[in-house]
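K.L.:
Let me give you the structure first, and then I'll get to my questions.
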Amino acid sequence: MRYSSVVNLQQSMKALTFGLTLVRHGETQYNKEGLLQGQLIDAPLSESGLQQAEAAGCYLKHVLFSNVFVSDMLRARQTAETIMKHNTSCLGLQAVWDPLLKEKSFGTAEGGRVQDLREMAKAAGQTFLDFTPPEGETQEQVKERVKEFVEKMLQKIGAEHWQDRGVEETSPPVPAETSPVEGTADDGVRGVPVHALVVTHGALMCVALRFFVDELHCSVPPGSSKEHVFSLSPNTGLCRFIITVRKEEHTFKLSGIHCVFVHRGDHVQQ
């Protein structure tokens with residue numbers, strides 16, 4: 001019994017820290033024309049979207065990734081495949097196509113104008129992202145998908161990397177450096193060997209960031225307002241976080257998360 005207590009104490013002192021980079025897919029023709037896609041319209045990237053994905057891939061080409069998770073929708077898969085082909089650390093990786101990362105369903109509004117939905121939301125006294133059109137997903141439903149994905153990701157990364165990367169935590173984790181919208185591609189993850197790339201969608205990213213900040217108590221980068229953090233990321237916009245997990249019995253639990261940057265898009269402007 002005493003030995004078991006010592007083992008449990010030692011395990012509780014160990015932690016695994018890893019990077020998480022969220023990327024919104026590149027532009028589609030629907031994005032260009034201001035039309036809603038949601039889930040039913042599985043459009044490919046436009047020519048501009050392919051160029052954006054190439055730019056994101058070139059920007060991230062020297063950033064080490066250990067895991068890749070991608071929405072199973074075409075526009076996200078094309079973006080992820082383009083990023084991965086530029087990155088040598090991705091050569092031996094198998095991307096996980098996960099339906100939990102699909103875009104929010106906009107129900108009967110899909111295929112219609114984004115501006116029309118904005119006006120419907122305004123008339124209902126709600127924001128665009130909070131408004132639920134007929135037969136669409138509520139914010140709570142999207143958040144539940146985000147929570148389920150995060151839990152799956154933590155367990156997979158913990159199971160794969162804990163043995164080699166879990167380290168003794170003698171003091172609280174030191175936050176990685178934070179940076180503004182423009183910076184270097186490896187901000188926050190230099191020397192961090194475990195790093196997940198997640199390619200998904202704009203509305204889902206908005207819900208994820210709100211969940212991270214409001215419920216997981218994620219820090220906001222210096223100089224960034226919550227309004228900016230919760231706003232829609234540009235096509236191939238990047239958001240990065242540093243996550244710490246600890247092992248409890250046979251499961252991995254989140255013990256800390258902070259944001260390095262949000263909505264970075266300077267790679268598209270280069």
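Please read every residue number as a count from 1 along the shown chain.
Note that Cβ sites are derived from N, Cα and C of the backbone, with glycine treated the same way.
These came from TrEMBL, pasted as-is:
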type: ACT_SITE; residues: His25; note: active site, tele-phosphohistidine intermediate
type: ACT_SITE; residues: Glu103; note: active site, proton donor/acceptor
type: BINDING; residues: Arg24, His25, Gly26, Glu27, Thr28, Gln29, Tyr30, Asn31, Arg75; note: substrate binding site
type: REGION; residues: 163-187; note: region 'Disordered'
K.L.:
Relative to the Cβ position of Tyr30 (substrate binding site), how many further Cβ atoms are located within 10 Å?
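P.N.:
Here the count is 18.
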K.L.:
Provide the number of Cβ atoms within 10 Å of the Cβ of Gly26 (substrate binding site), excluding the reference atom itself.
P.N.:
29
K.L.:
Have a look around Glu103 (active site, proton donor/acceptor) and count the other CB atoms within 10 A of its CB, chains all included.
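P.N.:
Taking every protein chain into account, the count is 27.
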K.L.:
Given the binding-site residues Arg24, Thr28, Tyr30, which one's Cα is the least distant from that of Glu103 (active site, proton donor/acceptor)?
P.N.:
Arg24
K.L.:
Pop the Cα-Cα gap between Arg75 (substrate binding site) and His25 (active site, tele-phosphohistidine intermediate) into the table, whole Å please.
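P.N.:
With the alpha carbons as reference points, the distance is 6 Å.
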K.L.:
How many neighbouring Cβ atoms, not counting its own, are there within 10 Å of the Cβ of Thr28 (substrate binding site)?
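P.N.:
Excluding its own Cβ, Thr28 (substrate binding site) sees 22 Cβ atoms within 10 Å.
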